[in-house]
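Colleague: Have a look at the structure that comes next, please.
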Amino acid sequence: MARNKLVSGSHGIWKYFNPAFYLRRPRRLALLIILFVSVSMVVWDRQSLSRDYQFEVSKLNEEVLRLQQMLEEIKSVTEDVSVNSLKDVQEDPVDAQRMQRVKEAMVHAWSSYEKYAWGQDELQPQTKDGVDSFGGLGATMIDALDTLYIMGLDEQFQKAREWVASSLDFDKDYAASMFETTIRVVGGLLSAYDLSGDKIFLEKAMDIADRLLPAWDTQSGIPYNIINLKHGNAHNPTWAGGDSILADSGTEQLEFIALSQRTGDPKYQQKVEKVISVLNKNFPADGLLPIYINPDTANPSQSTITFGAMGDSFYEYLLKVWVFGNKTSAVKHYRDMWEKSMNGLLSLVKKSTPLSFTYICEKSGNSLIDKMDELACFAPGMLALGASGYSDPAEGKKFLTLAEELAWTCYNFYQSTPTKLAGENYFFNSGSDMSVGTSWNILRPETVESLFYLWRLTGNKTYQEWGWNIFEAFEKNSRIESGYVGLKDVNTGVKDNKMQSFFLAETLKYLYLLFSPTTVIPLDEWVFNTEAHPLKIKSRNDQVNLKQSNKVLLRKPAFRIRQRHYGRITKK
């Protein structure tokens, strides 16, 4: 009974799978068709959605790959962005126009040198010939290399590079200045190497540096200041009474430390750091050293103390080696010496009457001399660069204020003459403010150097305006058809016959950078030597080749820039 019921039930189920069941009943057939179509549509829709989903996923994957490729391309381009391509990145149209004007001035100076003095040390524009002021070391050629590179003058840079590779020869029977050869030639070659990565510049820098090394072979380690490049005989100038000069002996540290870093050979760094160690043993309480030092005993003579000629860059390098050394404990003694010297500097600072120009005196014995060289106008830039390193913010602010006041004085060295170009030095007499002493102008860079630093570190556009006024004065008074010349007298405008190599290395470079984006040679990545040759900051003991790290990347400014504003410092 139960079995028959199960069979009957099973037969009842299977009848729905029999087509005759539906053919005999049209309504059932219609329902079946509708059901079939509905199921088919559902299945098809699900398959369609699946295909659409897969298609969209595929498209998204392709887009991800495309974006990854774009990112890689951007990274590749960014890594290859040198200062050459940064010339197109501007902060405002006025800066762009002024950069172009300065660049055109560089092209004029360089093409004149190329036409009339190629391969010689310096151009004499009036007579349209060259002169070997530095023994035929190609001073202008080497001094201008990094300026050409920074301005994106690729063709000129490559032609100069070929000359360096094929014609630059240091095997000369010539008594070279240690100081000038280091800051111009060693510094210029190292900067060209750091910027371009071209090893020919490093090889040449090693060649000339090796020829200078015997100058440090003295009883104290204080170097002689003159050396024969061929024979290695070193001595001091007779007019110095056998003494070494402070600036000439203490302005090789940046270049030779950099050379040791880039070659892995410590001998260069050891020579120059011994000088600082020796001087630091008996460093005076006020941090101020006379300009003459005995190379045998390292004792200073009773001579002038100055931040002008023969003293200036010693103090500059105490600060810059600290910056170049990443401000680590290994170079802390440089900073300590510099801060001590800056406290001593305060004892040399006076104000004129009636206009209260702040100036730096020279010191002879216990007497202050109311005289300031234009060379000392590097000091505002140095003070601005060092101000942020004080542990006490109030101290930093004090020295930044001093920097701004001194810059105003230096700018007025220019504005106080009929040509609007500064004389070589100035005297400050009570009741008459400043008066020009030695009245020539040889295209010096120190004031525009300080304006560059102050612009970068404060954002005050007034410093750009001052720099532009100085540039226009050079254009009006010093530019001639065959280059640029100095003035024999800034009062009359009578021209001389020399285009100094530092005009291309320093004056035009700092003017160009004064109007360039702050990402071009950022101050937290590069240190300028005293000839304005930028050297790349790296780990002090890291001997890795810099070629891959020499790219100047698009990035935020080196320092936190204050809001840009106008207005010179007001005088109380």
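Placed from the backbone N, Cα and C atoms, the Cβ positions cover glycine too.
Sharing the record's features from Swiss-Prot:
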type	residues	note
TOPO_DOM	1-27	topological domain 'Cytoplasmic'
TOPO_DOM	46-572	topological domain 'Lumenal'
COILED	51-81	coiled coil
ACT_SITE	Glu180	active site, proton donor
ACT_SITE	Asp312	active site
CARBOHYD	Asn326	N-linked glycosylation site
DISULFID	Cys377-Cys410	disulfide bond
ACT_SITE	Glu424	active site, proton donor
ACT_SITE	Glu446	active site
CARBOHYD	Asn460	N-linked glycosylation site
BINDING	Thr530	Ca(2+) binding site
Colleague: Nearest to Glu446 (active site) by Cα, among Asp312, Cys377, Cys410, Thr530 (recorded positions)?
Modeller: Cys377
Colleague: How far is it from Thr530 (Ca(2+) binding site) to Glu424 (active site, proton donor), counting Cα to Cα, in Å?
Modeller: 18
Colleague: Helix, strand or coil for Asn460 (N-linked glycosylation site)? Use DSSP.
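Modeller: Reduced to three states, the DSSP call for Asn460 (N-linked glycosylation site) is strand.
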Colleague: Between Cys377 (disulfide bond) and Glu424 (active site, proton donor), what is the CA-CA distance rounded to a whole number of Å?
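Modeller: Glu424 (active site, proton donor) has its Cα 11 Å from the Cα of Cys377 (disulfide bond).
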Colleague: Taking only same-chain residues 6+ apart in sequence, whose CB is under 8 Å from that of Asp312 (active site), what do you get?
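Modeller: In sequence order, Ala247, Thr306, Asp373, Leu375, Ala376, Phe378, Ala379, Thr530 meet the Cβ cut-off.
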Colleague: Determine the Cβ neighbour count for Glu446 (active site): the number of other Cβ atoms within 10 Å of its Cβ.
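Modeller: Result for Glu446 (active site): 25 other Cβ atoms within 10 Å.
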Colleague: For the C-alpha pair, I'd like the distance in angstrom between Glu180 (active site, proton donor) and Glu424 (active site, proton donor), rounded off.
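Modeller: If we compare the Cα positions of Glu180 (active site, proton donor) and Glu424 (active site, proton donor), the gap is 19 Å.
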Colleague: Would you mind listing, in sequence order, the residues at least six apart from Glu424 (active site, proton donor) in the same chain with a Cβ closer than 8 Å to its Cβ?
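Modeller: The answer is Asp373, Glu374, Gly437, Thr438, Ser439, Trp440, Asn441, Ile442.
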Colleague: If you measure Asn460 (N-linked glycosylation site) to Cys410 (disulfide bond) at Cα, how many Å is it?
Modeller: 17
Colleague: So what sits near Cys410 (disulfide bond) in its own chain, CB-to-CB under 8 Å and at least six residues off in sequence?
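Modeller: For Cys410 (disulfide bond), the qualifying residues are Glu374, Cys377, Pro380, Ala422, Glu446, Thr447, Ser450.
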Colleague: Take every residue in the coiled coil (51-81), average their pLDDT values, and give the whole-number result.
Modeller: 52
Colleague: In the structure shown, which of the recorded positions Asn460, Thr530 has the fewest other Cβ atoms within 10 Å?
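Modeller: Comparing Cβ neighbour counts within 10 Å for the recorded positions Asn460, Thr530 gives Asn460.
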